[in-house]
Every structure is written in structure tokens, then in C-alpha cells.
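Over in TrEMBL, the protein carries these features:
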- His382, His430, His497, His685: Fe cation binding site (BINDING)
Amino acid sequence: MASLRLACLITPSSKLKQSYKIDSNPTSTLYNFLSSTRTNKNVHLKGFRVSANAKDGSVGVATVHRKKRGYEAYKEVAKEIKDARKTRDEQWKMALETLLFQIKNIRRKIETHFMDKPDVANPMLVILKDVESLVEIHKVNIGLKNPIPTTDAIMTVANHFQAYKHSERDDGVIPVDPRPKRNAFSPIIDMFTEVANLLYGQRGAQLYLQGNFAPVREETPPTEIQVVEGELPSCIKGMMIRNGPNPQFEPLAKYQWMDGDGMLHATYFQDGKVTYASRYTKTSRFKQEQITGQAEFPKYGDYTGAFGVFTAFTQLLKSVFVLDTSYGCGVANESIAYHAGMVMVLEDFDRPYAIKIKKDGDLETLGVYDFKNKLSHNCTPHTKKDPKTGEWFVFGAAYTEPYMTYRVVAPDGSISDPLPIEVSGPTYMHDFCITDNYVIIMDLPLTFNPEAMLKYNDWIYNLNPLKKARFGIRPRDPKINAEVQWFEFKEPFFIFHNANSWEDGDDKVVLYGCKMSPEKAENDSIPIIKSVLLCRALVGQNVALSFPELYKFTFDLKTGKATQEMVSENKVDFPKINENYMAGKSQYVYANEFDKTGKSPAIIKYDLEAGPKKRVTRADFGKNIFGSEVVFIPSENAIEEDDGYLLNYVHNEDNGKSYVNVICANEMKKVAALELPNRVPYGFHAIFIDQDDLEHQRTL
């Protein structure tokens, strides 16, 4: 809001294209209006009109008519806005002054306690000096329309975080044994957290701690479950695992869906018997909070606005003086992968965690997996495996150059040397695609932008409306020395998840992905978008993206041109295919359809070769039943691509029970359901590991 400016714009009300009659408190209405707008809009408040310009972020206030009450209302709202901004700035200034005071206290204590140990004191004093410099910059920036850039200062501070530990074992697994510490500085750092909570608290409704988004606090050992509807197909042999957030403690402040500790929900189909188990992935973060008995690490949602800057300062001090960040700070709650006998749990901001699946269907966290000391960067949660070659493709992302790193893992588990990919900046790439010969990179407008926290009161990842969406294509063999060929679209948009891609002839590449466009946003109350994306800034305003829709993108390698085409208007995400068709032409895509509550009531099957009227088939879960991502399991001796079954977890909000749902992929009809012993919260991504792969897990 800091970048928004008030101006008296006299425009006749009759010329307004969009008008909203609102009778409520003018200040709260205006703030709600500004936080939800994404295009040029107008709103009536107590006899005056407020307009917002999506291009330059300006706000205009004008009387709808010349009566005195309109002008008085204008002055009233203008004053309230000014007072609200002044109060916010004063609170922020007070917080920074408190922080500076405590930094000086810590510095004096270090100088006193370690007077005869300069080798211990000096590194800590350097860190505090860098933090103090960053705080001073933010203090100066308060209220400025054009604040001093802080990216370099933030990067300087971030470089003080502990370096990753590396494996010393031949199997590449690092057993996680973090050592959080309490010392003379711990109470002071605890006070910072209390100050943050006092100033900002738990802002807004904690939607993802309610209903079936709420966590289940207890793990479930392997428990036999029964079919309660239909008959289970005999071809289902193996384990379905779905990952998702499940915080073990109440969050420090704001909580988003991506924030919770990762919990794996596993259903094991073996020898006519079916068992269910749920286990936390025992990350370094999980273990340290288990030791202290409370949430210690900030959540992704906390890095928003002035509070986010304060949180970052607190986290830095904690990481230096209290917490052990040498194993990473991730929650391992997004996806699962299987390759070369290894089951791995993945997320955007950490290295993989290795998991062992036991014979009884239980799961055990083995530790961080770094490919025998060859992985020093994070891995994106979505990886690709070519069913024809057995190769596994991964990307790493970073806040500093190289912003993207490309790796290929051979069928035997050996990993290629890192190949840096040059992109426009620290962009957020959650997924990518492969074809038989190419890898497709996405450089989209959601970028790491710490300055947005203060400039726009936004999340640390900021949707830049001036940055166009672009895709890069290069040979997928990292040993080939070739430039990335970039394809640019005219407008900004974002893609979380892709379905598949392949080569169409010698000079074209086709990609199907779920596209979200800011210009099509309906409002700022879409939970799935607000929390999964966490990107709500468009020209300094909090804006949600639209629900995703499946799009076809075509890239002409010869002409350098790219086109896009909507497949259907259904609002879908989490697209899946028959994995045997990965990187090659596929006819069918299965995706979760979402309603405006952010829940999925159905699965949509797309026939990419059918006409518009026959392209979509819908399988509803049932009244007040909502589900998560599906996995595809081919039938025995399958001939057609859709010969198989879709499995997922669903929850009945009427009776409070959760089930394993089995759908015939060919006919899109439910054929079986198994009742689970406890509730399974809504979550993220799933995988099916067949029995043969389970029996060939690497011995660790």
C-alpha cells in the first residue's frame, strides 16, 4: 500500500465501466477494495468514488456528485487512510528501533564474554554488523515512495547461514542429528519472537488449520483396512504414498498451506491385504522443534511485509545462536520420487530426504540424500523420469547465481555434473518438462524479491506484472554444449504444474500445463491460490491469480514463435498422466477440478484428441466429498493408454471419514472404496510404487 497515492480525480460517474455500491465503513471497504483489485476499477463509498489504476498503482478519489456530504466523506476517508499509514509506519519504526537496541545489547555481551577469544567473537560480530546495517536501511526506508534497494544487503546477511553438511557414507545418506543450543543470547532472541507476535500476531483466519486442512497430531502405524464399497482390482500391487503439510506445533504467526511439516500417508496393497500408515518425515527442522516442544522456525507465509523483514532478522539470529541449519531448514511436505532403489521426499527449498519402506508397510526417515556428496543445492519437488531410458531429471533453484542448476541422474543413481542455466533472476520454477531430446525450462514472473516486502507490503516472492512469461528449450543431454532457445509470451502468467510434453515432428515442441493469469482473477479469497501460490502482488496490490486452466503451448524451434490455446475452461490443477507415456505423445490427462473454496470435488479426464464437446469427462467424488491428487496404475496387459485405475485419498465432510478412492480411468467411474482408520487431511502430491520396485529398494 505504501506505493499507492491519493489524487482527486474528477470523473463523471456515468462514464464508469465498473461500479460497486458498498455501504460499510469507508476505510475498511477501501482497504478491501484495494487489496482485491487487479484491473482499473471504481467503487462508491458514502457518496464518492474511489478508482484504482492497475497499471501504475495509483488511487483516485472523487465525489460522485457535488453535494457537501460527498466531499466530507472524501476528506474523512483520506484522513483515515493517512492515519492508518502513519500508525503502521510508527509501529514498524518502533519494531526496528527495538531490534537495533537488542543487537547492540548482544554485541556488548559478546565483547564482554569473549574478550579473550577473538576467534570466537569476531565472526559473530561481523554477522551482527551486517544485520545492523540492513536494519538501518529499512529504518530509513519507512514511508519512502522509492526506498533504498536492500537486495544486496539481504544477500550479505543470508550468506551467514550455515553451509550444508555433506555425506561421509558410501550410500550418500546423511543421518540427521541436529544440535540446537541454548546460551546467554537465547532469551534475547526469544524476546524478538515475542515482539513479532505482539506486533503482528496471527493475522487473519488460519484457514489451513481448520476443517480437513487441519493437522492430525498422531502418526498411524501400519493398520489393516477393508474395502467398504465395490471390488478392488487385482492389478493394484504396491504402495500409494501421498505427501502433505501437517504441522506438529501451532505456528508462530501466519500459517499457509505450504508451511506444515511433511507427513506421508501410505496405503500398501500386498498379497490381498491392504494396510494404511502415516508418518512424519523426520527433517532437521522437525527434530529441533520436537526437542524444544514448540514451533521455532518461521513459515513461508511469515515472509510478508514489514513483519516478514522482522521475521527474517529473527531467523538469522536464531540460525546463528540457537538453531542448527547445517542439514537444511525444509519441511519435506510436497512430493515423493522413486529412482535407482531410493524413495525420496522433495520440496522446493531443501535437499531430498531418503525414506525406507519396510516390509509391513511402515515408513522410516533415513536422512538427507546428497548423491554421495554431489548435491549442494536444493531440488525442485517435481522431477521427471523417462520410462524409455530410465534417466531421472532434476533442477535446483537458488537465490544467488546460478539461479538454476540442471542435473540428470543415470539409471544406476549416478548424477551428472551441475549445469548452470542462465535465467533473468531468482525465479520460482516449481515444475518443468522433458521430451525425447529436450528439456523445457520455465522463467515466469514469480520471482524472489525481498524489497517487495516493504515496498508493496507483499510476500518475499513477488509477481512482477512487467516480466513476461518465457520458456527455454535446450538439449536434455547436459554434455551437449548448446544455448537455451527462449520463447516469450506477451503477458505475465504462472504455471505451477505441467502434465506432459513431446516433440511434434522435427521442429515443434508441445507442452500441456495448468496456467494461471492475473487478469482473470475473480477475488482475493481463493484459498488454493492464496496459499499454494503465495503471490498476491500486482502493481503493489494484493491480488490472487485465477484458478488454473489446462493450456496447450506450442513452440516452433525453426521460427522461434510460440502459441497457446486453452483446452477447456474447467478450473484444474495437479495434472497426471499414465507415466509410461512421459516425454512422448499422450492422449489423456487427469486433473483435480477445484471449486471456489479451494477444495477438489471431482477429477477431470481430458481427451486431447477429441473435439471440444467430447474433450472432458468428469468423475465426482460425491456430495461434500473432496479429494487430493490421483495416481495412475495401468491394468495388467494394458493395451490402451487409459487402461488402468486412478487412486487417491478423499474425505467425506458429512461423516468426518476418509477413504481410498478407486476409479476406472477408462470409464471414469468409481469401482471401489476403502475406509481409513483416521482422517487424512487435504494435501499435495502422490506416487504409486509397484511391488517390484519396493522389493528392489537399495539396502541402507
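Glycine is no exception: its Cβ is also placed from the backbone N, Cα and C atoms.
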Close in space, distant in sequence - His430 (Fe cation binding site), Cβ under 8 Å, 6 or more apart: Asp348, Thr380, Pro381, His382, Phe496, His497
Shell of the Fe cation site beyond His382, His430, His497, His685, same chain only (C-beta within 8 angstroms of their C-beta centre): Glu334, Ser335, Thr380, Pro381, Asp431, Phe496, Asn498, Phe574
His382 (Fe cation binding site) CB neighbourhood, other CB atoms within 10 A: 22
CB contacts for His685 (Fe cation binding site) [other CB atoms within 10 A, all chains]: 22
For His382 (Fe cation binding site): DSSP state (helix, strand, coil): coil
